[in-house]
Amino acid sequence: RPTCDGTVTFLPASDNKKLEKKRGPGKVGIIVALVIFAAILALIIGLLVWHFHFRKDLKSQRIYTGSLRITNQAFVDAYENPDSAEFKDLANQVMAQLKSMYSESPQLSKYYVGSKVQAFRYVCIVNLSLTALDTRLFSKTRSEYSAEEIITSPGFPDKPYAPNSFVQWQLRGDPGHMLKLSFDTFNLEEDCSNDFVRVYDSLVAMDKHLMEEECGFYSPSNPLTFISSRNVMLVTLVTNEEGNFPGFRARVTQIKLACGGKLSGTSGSFKSPNFPSYYPPNTTCQWDIEVPDGKYVKLRFPKFMVSTGSLNHCSGDYVQIVGKSTLCGQQLANTMVTVNSNKMTVVFKSDSSQVDRGFSATYEIFEPTDPCPDKFQCDNKRCVNPSLRCDGWNDCGDSTDERSCKCDASMIQCRNGICKPMLWRCDGVNDCGDDTDELNCGCKTGEFKCNDNQCVSEMKKCDRNRDCKDGSDEDGCSREICKDSTFMCGNGKCITKPNPMCDGQDDCDDGSDESNCNCGKRAYTKSRIVGGQEADVGEFPWQVSLHVKNTAHVCGASIISERWLVTAAHCVQDDPKIKYSQPGTWEAYLGLHTQKEKQKATKKLLKQIIPHKNYNSHTYDNDIALMELDSPVTFSATIRPICLPTATDVFPAGETVSISGWGATREGGSGATVLQKANVRIINSTVCDELMNGQITSRMTCAGVLSGGVDACQGDSGGPMSILSNERMYLAGVVSWGDGCARRDKPGIYTNMPKFRAWIKEKTGV
Ligand code: ARG
């Protein structure tokens, strides 16, 4: 065993004799002469109770945890077993010594309640550390040692876990093994500041060994799995006063990690240890690939997620293709590396800090003379499926699959030889790059331009015949008939009084102005976003446009009551230039249709902004915020609240939802003038998590069109994803994030509203 040098001597060997006595002859031989170390890494929990002298009734308990190094003592294997006599004896000595040290200090002695040794470990530690535990850990402590195969939260599965508890499981396997912890059920409160589980790569609860803090729900089809770097692991469960969640069950198994090796043949695959769950820290694997003579090797990474070091230079964990390149971070799906040789060596290395999910890799041979058999070869040497050629998407990465194309009827044939979706014709954006898609777009005077850009005679508008193929010449005609009025009754009668809707007076003979005076109803009974179309006036009366005062539209929001709006937390994060978190920064436009007619909308200032306190700016988890208006708004035909789903609502995959906003109408493009709408579908979370490289939490919902082309985009954030249910519209989600906009296989990600029903009630009373 190595020796440690270092100068900290925390427990002076005042008790040398006793210590030596315990070192029985023949016990795993060890003793390194003078120097020492034998460090243990001990764990001590000192319990300090601070009595507040001035407020006798107020007592608080604090638990401190830290490690001490014992010098002048040899480490014996029995110290690893808390039930051994050797362990108990040494622990008692440590506790006695701590007690006497505290009693020597008059300031400290009155606060010291007791201490407990949690573990001894042989390790070289240079610095002594004593850290206060997270305040949420200051509650009753129960510690269990479990060598069992299954651990569950107390009471599982018969009853929910208890409130106000702190339970920990110290897991220890055989030397030379690692522990694998897999949760098959995980169902805790959503808010990690209330209840949480932490998993440590150590026997003691020290932050630097924390692997992950988890709360909320994980579906059994996407189970949480952790692997330790050595034969120990600590799991803690902390709960606060409210509860009623089922808890968890996890299986603990011992594994011996074997990774790397020799690979041969003409193709094959391998992956990082434990993929797709987190790889262990401090691991090195090497794969030596050798294919038949005369062939070359091509390596592809379908998935690649490896933490970069703090410097972002692959200084942390990395994958090295020896002699070729070193990869780390997140790489695009199917990143490729080729070598012009029949041998390739791949090394994977993880350091002691944060881990990620790792990678999967496949290799195959290629003929030096024919590098892309049956595939299209891009200029950048990638091979893509021939069906991806000329589909309007840049699959090669260098656009070479989109050159010299013959386009089919659903595509615009650009003069420069590329194809683009017909949808993009005449949308004011030069998609072809040579303007072909924007030529011949206008209609002659006296003609009406249909939503699909067809031209029909102006006379045919609102003549009750569908002259445009998409019927858009008849859209919104009822409001044309009630042109100078504010409202059209169910029986077609027009009302001129301002705001007749829901004002408590029957203005229509049929009472239609006073019916449905709650959420989620549109006033007009008849009736971009990328790939969408213009909304009708009043179609999304809960849609709000948030402007930074006297400038432009920044984010969307939804009206949920006379006083409250819901938006995204990422819209209200300060940046160096603008204090987005301050209510005074914003003005909210309600009842707005086109950004050109702000004066027609109702402008409101804000009284307060409440972002969700667990919003995570890296992961966009809990991306929701509330805004209180400085005065209540009066509902009208174009200003109405949307209904909130209840906490238990689920929106099944495949369901159609509407998204709306003034955001960009294409990735990297500029915002829309007229409110845009589009229909997308809810996407299964497991599928979505897979597509989005494991970045989906239970606080997120995915929706989109997987073939691409329809999505929310920059500037739509904070706005509604509305779903029709029982003839009312419900706020199913809040536009949150995405990977680009409208890309194939990249759905839009929305804040999952049912998860926040209770939070909204708590903060707003709504
Ligand atoms: N974060 C964006 C915003 O600030 C919204 C992105 C939504 N993106 C998407 N592809 N659905 O406006």
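Backbone N, Cα and C atoms are what each Cβ position is placed from, and that goes for glycine too.
For the Ca(2+) 3 site, TrEMBL gives ASP351, SER353; the one candidate out of ASP317, ASP374, ASP379 that the record lists there too is ASP317. Among the candidates CYS285, CYS314, the disulfide partner that TrEMBL records for CYS328 is CYS314. The disulfide bond recorded by TrEMBL for CYS259 joins it to CYS285 [selected from CYS215, CYS285]. The disulfide bond recorded by TrEMBL for CYS450 joins it to CYS468 [selected from CYS426, CYS432, CYS468]. Noted from TrEMBL: CYS407 is disulfide-bonded to CYS419, selected from CYS396, CYS414, CYS419.
When the candidates CYS571, CYS643, CYS741 are compared with TrEMBL, only one is recorded as disulfide-bonded to CYS713, and it is CYS741. For CYS702, the partner cysteine in a disulfide bond according to TrEMBL, taken from CYS643, CYS688, is CYS688. Of all the disulfide-bonded residues in the record (CYS285, CYS328, CYS432), the one with the smallest CA separation from CYS405 (disulfide bond) is CYS432. The Cβ of CYS432 (disulfide bond) lies under 8 Å from the Cβ of ILE412, CYS414, ARG415, ASN416, ILE418, LYS420, GLU438, each of these being in the same chain and 6 or more residues away along the sequence. If you take the C-beta of CYS314 (disulfide bond) and look for same-chain residues 6 or more apart in sequence within under 8 angstroms, you find THR308, THR326, LEU327, CYS328, GLY329.
Each of the disulfide-bonded residues CYS285, CYS328, CYS390, CYS426 was scored by the number of other CB atoms within 10 A of its CB, and the lowest score belongs to CYS426.
Across the structure, CYS441 (disulfide bond) and CYS450 (disulfide bond) are spaced 11 Å apart at their Cα atoms. DSSP assigns CYS314 (disulfide bond) to coil in the three-state reduction, placing it in neither a helix nor a strand. Distance from the CA of CYS396 (disulfide bond) to the CA of CYS702 (disulfide bond) is 26 Å. The shortest Cα-Cα distance from CYS426 (disulfide bond) to any of the recorded positions (ASP317, ASP351, SER353, CYS372, CYS378) is found for CYS378. Between the binding-site residues ASP317, ASP351, the minimum number of other C-beta atoms within 10 Å of a residue's C-beta occurs at ASP351. Each of the disulfide-bonded residues CYS372, CYS396, CYS405, CYS441, CYS468 was scored by other CB atoms within 10 A of its CB, and the lowest score goes to CYS441.
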